[in-house]
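Over in TrEMBL, the protein carries these features:
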TRANSMEM  7-22  transmembrane segment
TRANSMEM  28-43  transmembrane segment
TRANSMEM  55-72  transmembrane segment
TRANSMEM  78-96  transmembrane segment
TRANSMEM  134-154  transmembrane segment
TRANSMEM  187-206  transmembrane segment
TRANSMEM  246-267  transmembrane segment
TRANSMEM  287-304  transmembrane segment
TRANSMEM  316-337  transmembrane segment
TRANSMEM  349-369  transmembrane segment
TRANSMEM  381-402  transmembrane segment
Amino acid sequence: MSKKRDILIVIFSTIIFTFLFHREDLGLNLFIFETIFFAWLLYSKRLQFKTRNQITVALAFITTSIATVVTHSVFSYFINYLMLVVFVGLLIYPQVKSLLNAFRISIISFFKSQIFFLESLLSTKVKGKNFGSYIWKFRMFFIPLIIIIIFIAIYSGSNPVFNDLVSSFLSFISESLLAIFKNFDFLVVFTLIVGLVISNFMYIIISNNYIENEDLKATDSLVRVKKSIKRIFSITALKNEYKAGVFLLIVLNVLLLIVNCIDLNIVWFNFQWDGYFLKQFVHEGTYLLILSILISIALVLYFFRGNLNFYQNNKLLRVLSYVWIIQNAILTLSVFVRNYRYIDYFALAYKRIGVILFLLLVLYGLYTVFVKVKDKKSAFYLFRVNAYALFIVLVFSSFINWDGLIAKYNFNNANKSFLHLNYMATLSDKALPHLDKPIEELDEIYKIQQEKFPFEEEFMRPFEYRQIINNRKKEFKTEWESKSFLEWNYAEYVAYKALFGY
């Protein structure tokens, strides 16, 4: 493709972007913009669905694009952008084995595409000369202009009359510029720039030979590396590392067994609610346990990173690693139970849902570490399969209206779980149908809450909550009815219909 054609396509895309997004909230416009991009890829035959990864990521990109219209959440927009980045990486290098490498290729291409566009623009011929040469000619005026400004400043400081003349002239220039740009829409310039940057990224393909070769050479299975040092020293070093690993894993397994036994007793089977916020039990405790699980995975990866995999007498280390992985899986389930206890008493929130999704990925990650040790897999295998797992979880979770789910669950369980009205009042507009409760129901919930959760801290009362929701309903009605077709989204449409019935 020629540079001139590249520039024309990018400029055309920038104009479309500006038309769709200038002074418009995100909604149907993003889906339209991405549909145009996808249609162009099919028309230009840049997307040919030759590999499994390319087909999967293309479907994920389309799916998350639809999800932005369906759920209209910051999360779904973020996931859609993430899928776009990976998708562009697959367009650049369709044969990529790892989605992480596709992501890396795409990120580097993002910056290189901006430089490529500027270089192409400057090298464009205008009346037989490069466009950049016209700009370059103005360099001769730069230094004289600075010198002139310096002398004006000197003369102004030394001569009051000259200073008044300069001040009057500058005031005239300032007023003239204000008059000229009084009705100028600077936001359209900002939208154009954003559109240009995004269009460069989407339409200008910049390959990365280094990462592509790295991906091409990578394999799922470990290959034994024969070191060019005396064999006796190599075997001795391997034995020492083996002994250190066995000692460390024996001690850590004993420690973790004690922790797991304690958790099984007080978390799983004999848990008792003591009337406090469970801060130490859940917040700090959960995050520290998650950190310990990640460090545990790193330890196993360290000991089985190289030739220790092929050491003939490594059976004990392997068994200890399997026990260590299984114990960490039990610890992960304990963290899940902790989170479940917290949800049972304090209902749903973003972080608690995030912990659930994260723990699912951790369990899968532990399974892949087990496979790595058992089948002598490489670190590349681990990163590849776990990136795929993360990819799948993110795509599916982007289709869920989390705010609506939280609001519905928390009110439905208000008779047994703490209902934090301060938090509920901050959920997005699409959750308003579930947040809109009559004052009688709110008062009844408040009485139950006071009896079940006699906290010293003062929380929002039903009357104050009701006022906030009523005001939000009015604002939402006004905002929705003023939205253009380009800002339409299904989540708020359903909320509007449920609240106002038309």
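In case you wondered, yes, glycine gets a Cβ from its N, Cα and C as well.
Because TrEMBL annotations are produced automatically, they should be read as predictions rather than curated entries.
Simply put, out of 7-22, 28-43, 78-96, 187-206, 316-337, 316-337 has the most Cβ pairs sitting under 8 Å from the transmembrane segment (287-304). Against the transmembrane segment (55-72), stretch 28-43 has more CB pairs under 8 A than any other of 7-22, 28-43, 316-337, 349-369. Away from its own ends, the transmembrane segment (381-402) comes close to residues 57, 60, 63-64, 67-68, 70-71, 73, 75-76, 79-80, 82-83, 86, 97-100, 220-221, 301, 350, 353, 357, 360-361, 364-365, 368-369, 372, 430-431, 491 of its chain (Cβ-Cβ under 8 Å, at least six residues beyond either end). Against the transmembrane segment (78-96), stretch 28-43 shows more Cβ pairs under 8 Å than any other of 7-22, 28-43, 316-337.
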